[in-house]
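Here's the structure, in structure tokens; my notes come after.
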Amino acid sequence: ISNQCSPLPCHEDGYKDCIDGQAKYTCVCKPGWQGEKCEEDINECEDLNGGCSQRCSNLPGSYRCLCEDGYFMHSNKWDCGGRKTHLVHYFINLLCLFAVCAMNNLNKSFCMLPFILDIDECAENVCAQLCVNSPGSYSCYCDGKKGFKLSKDMKNCE
């Protein structure tokens, strides 16, 4: 009796193992896959939005949580937090400092302090993979060696 797993009857992307039996075989699926030959991707986003607080993107054998514009991904990779509130408070404080400087005619170097300080957006997990902070800005990068490239939103990798 020949090996029922040769040639491989299971779906190449979805199977973890093929168990040979008497005139039959059993495909053991990886997590995120189902079906007799592990050929069906499970859409985790259909079940409670995949546990994501905002958007869920189904991927072959997996899924990924995403945040709406103006929000950032928390380190747990499910929950999104708003950075808009953080920036609003920063600009209110900036306006108040300029008002104090103007009214009291304070030292110009002290009044320029807000422009020297930098908000580290990378500390707020705004990028999916690698984040590089720069004064007044940041840039997101993806691991090209693993086949990832930066998506159109310039934050996530695909």
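Glycine too: its Cβ is placed from the backbone N, Cα and C atoms.
For CYS10, the disulfide partner named by TrEMBL from the candidate list CYS27, CYS29 is CYS27. In TrEMBL, the cysteine linked to CYS38 by a disulfide bond, out of CYS29, CYS45, is CYS29. A distance of 6 Å separates the Cα atom of CYS38 (disulfide bond) from that of CYS10 (disulfide bond).
Restricting the average to the domain 'EGF-like' (1-39) gives a pLDDT of 93. For the domain 'EGF-like' (1-39), the number of residues in each DSSP class (helix H, G, I; strand E, B; coil) is 0 helix, 15 strand, 24 coil. With the fewest other Cβ atoms inside 10 Å of its Cβ, the least crowded of the disulfide-bonded residues CYS29, CYS38 in this structure is CYS29.
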